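Colleague: Next up is a structure, given as structure tokens.
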Amino acid sequence: MLFKAFKIVAISVFAAQPLAAKNLDQPVGEVVLTVSGTPKAENAGEAAQFDLAMLEGLGAVEFETSTIWTQGVQHFEGLPLIQLVDHLGITGTTLRATAINDYSVDIPLADAVEGGPIIAYKHNGEEMSVRDKGPLWIVYPYDSKTEYQSEVVYSRSIWQLDRIEVIE
Amino acid sequence: MAGTKRRKMWLRLTAFVLPALLGLAAIAFLALNVSRDITRLNSASSDNIQWNLSQTEVEFLQFELELAQALQGDSPDIRSLRRKFDIFFSRIRTLQQASIYGELRAVPKFAANLATVAAFLDRAVPVIDSDEAALPSLLPALEQKTRAVRPDVRRLSVSGLNYFAVESDFRREAFSGTLLHLAIAIAALVAALAVLACYLAVLNAQNVRRRTQVIEASERMNIVTSTSLDAVVVADTLGRITDFNAAAEQIFGYSAKDAVGCDLGELIVPEHHRAAHQAGMARLRETGEKRVVGSGRFKLEAKRANGEVFPVELAIQSADTKEGEIFIAFLRDISSQVQAEAELVLARDRAMAGEKAKTDFLATMSHEIRTPLNGLLGNLTLLEETRLSTRQSRYIRNMQTSGKLLMSHISDVLDITKFDAGKLRLHTVDMNISTLLKDIVDSLSGAAAGNGSTLEWGWTGTPLNWVHADRDRIQHILMNIVGNAVKFTKDGRISITTQASAAEEGKTILRISVRDTGIGIDPGLLPQIFDDFATGDSSYDREVGGTGLGLGIAQRFVKALGGRITVESTPGEGSVFNVSFPVQAIAEPEPKGEARFDAPARKQANVLLVEDNEINRHVAREMLTAQGHFVTEAHNGREAVEMAEETGFDLILMDISMPVMDGRSAARAIRTSGGASARAPIIAVTANAMAEEQEAFLKDGMNDVLTKPLTREGLLQLIADHPSPAPPAPEGAALRSQQLVELEETVGAVALKPLLNRFAAEMEAFLKSLENGQDLAANETAVEAHRIAGSAATFGLPELRSALIRLEKAALSQERQAAEDALSPLRNTWTSTKPVLNLF
């Protein structure tokens, strides 16, 4: 069922991309994200590694929102968290996201919903450098819901993301 | 009134509600503030600012550590160094760009530190980004710069933290202030609500109290109406019963449950009153006109459940209620009252009928007793004139004494009966008190002397001789009192003192005091002394006797006279009876021409005796014939009328109650017949003569009244008083005036006769001219009357003279009625005088 669903999503978004049945493609460029604790989808031992192109290939959503860390309305483009979760067949309840500076935060899997947070890889149309909170930044559409304007959500908006671990 | 009260209440309520509303608004406003503050705290746009700031320093130190390691090692980890730099760079960039640090960036100290750090980064970027081969050589310089900037990074984070600490304090204070305000507002609101609650509690208590009062009043009212003895029926304008109390249930026989809602008229108004009732209700509805409502009590009839119609007394009142006008009827069943009234009337009627029967019985009995008694006494009188032995004469006198006593007792009973029946009429005449007293003393002095007592009389103050009063009654009273005094006084003294004193309305009060030195009256008997059948103790009874009616009658007569009688007495010392009554004092009347009773035997009168009782007729006839009069007898009125038609009688003695035709009818018939005796004197003879009856007899045309029993003296006096109008013989008349006799002696019979004839002719002519239509009130009449009056005086005819002078005066003053009134006495006087003149 899950595979079937994945296949349909994959076909619908990236029809031309060849898909691995059990294991993911090997990252070609620099690995930007390592997801561990996903036994059904691994390409680096017991983890799934992604380069930016792989992430871009998994799906893309764009939205505009203001953030407390920026001035004015910002444009973000990235992979919806739910798509990553679906793609990797993650069935747990909590993800632990960790940044390059070792800042880490637990994100409940329940946050991964349609219209929810994305793993942004483009900010205002440009890829993000580490100096500009890149290369990956979990961004919630803060302006769409007041629930997303809370301290907890701000704390989950982790930038300079490079690891995700399914902990439960 | 109610409006003002309501407005006041609203005002008071508003006074409470308005602050409450204001408090509520304030609370709402403050709550909004709190909510905003809480939201602000919740949304916490801060991201964990303190952490970020301290992280700045941490990340700087990590970079510095990495840099130091790179300098010490042979092959520095360039990638890691760059990564640490980028992280720190990113942090500083965040501080520069993040909106949440906007306020912080406005703090000059922080801004300066940030600028310093940013400048360091700007200088460091080209070094870090330089070629990997060249980089190691540049690191020592970078390390120096990095060490130099460390204090700035430290200051940066510290100044930020300070700012946020102050900011946080400020916010806390603001929030707590808001909360305080909220608390105050809530407290105020609660206070206002508490006051409002108190006020409402007071209002409620008031309402409860009023409601209780209303309920109590209503209950009281219910008790009043339910315990009312009168039926209370309440109806609306349509006549439907809305209330029906317990008394109404009892009186009408309907239960309130059945009655309420029914039509008043159909339920309790009898059928014969129903149309009127409905008309009244209709009128009331249409015009509001109230005829019986509020008009007080009136009597009507009502109907019970069993159809019985009974009398009620009722009153109706109206009242305005919320449901419209209502009518309250108070009804009282007066059937028993009406019945009682009827019974009372019946009882009264019966009592009155009984009283009348008693009176009638007594009157009849007295008549029936007197008639035979008359016969008895009359025959005794006749017997007395026959040849008798001394013993027979004494027996006859004894019988006469007993008979007269019996007669007087009957008269007493009759008098009492008359007084109690209200039929006692005064018969007032001109009288002389002194003469009366003298007569009484004279008549009783013999008896007094027999008891060894003296009897005397006299006046205190100015004597009052002539009065207009009821002589017979006064005589009766005094005879009784003085007679008693004489009876009960032995060897003592009885004195009568009289005093006259003026009283109101020209009346005079006459006080007669009878004082004796007799045995006196026991104090215990005094209060009953004037009661009927009151007698002293038995010892006196044996000694003096009496019916016990005497003082009772005396008191009745005194009352009839308008006076009073009192008694004071001391046993063994004597008694004083005081009688006082009003009299009309008059001047001494002109002396009457004393008609001399002179040898009646030689003047014969032709008398018609009308009497149905044979014995009485016989007695009267004997008495008259014994005096030489001619007597014609008639057995009833009819016979008398027939005889009087044909024969001219000198005198007619007329019994009153007779079969066939009674005396009154007969007298009227004789007077109007124009027969031979039409103008003859008619004397009523009756055993039962009351004053008003006597007047009636005179109206019937009779000239005088003679009370039975007939006595010889009475009869002869009567004949003398009523000489025949047309004497059958010259010597028929029995009367002559003293003056005429003297005149006859002076001038001689031969000379007197023509004078008298001429006088008679003049008188006749005068009367005839008056009868023929001469004006009575004319001057000639007065002149002629005056002239003839002078002649009458000369011949010693004072009555005729008086009558003429009366006519003269009336004519002079032109009072026609008075003149006409004077004519009849003149004619009568002349009629009685003419025979006298013929005697000469």
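Cβ from N, Cα, C; glycine included.
Quick paste of what TrEMBL says about this protein:
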{"type": "DOMAIN", "residues": "B:217-288", "note": "domain 'PAS'"}
{"type": "DOMAIN", "residues": "B:364-585", "note": "domain 'Histidine kinase'"}
{"type": "DOMAIN", "residues": "B:606-723", "note": "domain 'Response regulatory'"}
{"type": "DOMAIN", "residues": "B:744-840", "note": "domain 'HPt'"}
{"type": "MOD_RES", "residues": "B:Asp655", "note": "4-aspartylphosphate"}
{"type": "MOD_RES", "residues": "B:His786", "note": "phosphohistidine"}
{"type": "TRANSMEM", "residues": "B:179-202", "note": "transmembrane segment"}
Colleague: What is the interatomic distance between the Cα atoms of the residue listed as 'phosphohistidine' and B:Asp655 (4-aspartylphosphate), given in whole Å?
Modeller: 40
Colleague: So, by DSSP, how many helix, strand and coil residues make up the domain 'HPt' (B:744-840)?
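Modeller: The counts are 81 helix, 0 strand, 16 coil.
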Colleague: Using a Cβ-Cβ cut-off under 8 angstroms and a sequence gap of six or more, which residues of the chain neighbour the residue listed as '4-aspartylphosphate'?
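Modeller: Within the chain, the residue listed as '4-aspartylphosphate' has Cβ neighbours under 8 Å at B:Val610, B:Glu611, B:Asp612, B:Asn613, B:Asn616, B:Gly663, B:Val685, B:Thr686.
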Colleague: Counting by DSSP secondary structure, give me helix, strand and coil numbers for the domain 'Response regulatory' (B:606-723).
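Modeller: Counting residues by DSSP class gives 53 helix, 24 strand, 41 coil.
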Colleague: Just counting, how many other CB atoms are there within 10 A of the CB of the residue listed as 'phosphohistidine'?
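Modeller: Counting Cβ neighbours of the residue listed as 'phosphohistidine' within 10 Å gives 16.
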Colleague: Would you mind splitting the domain 'PAS' (B:217-288) into helix, strand and coil residue counts from DSSP?
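Modeller: For that range the per-state counts are 44 helix, 12 strand, 16 coil.
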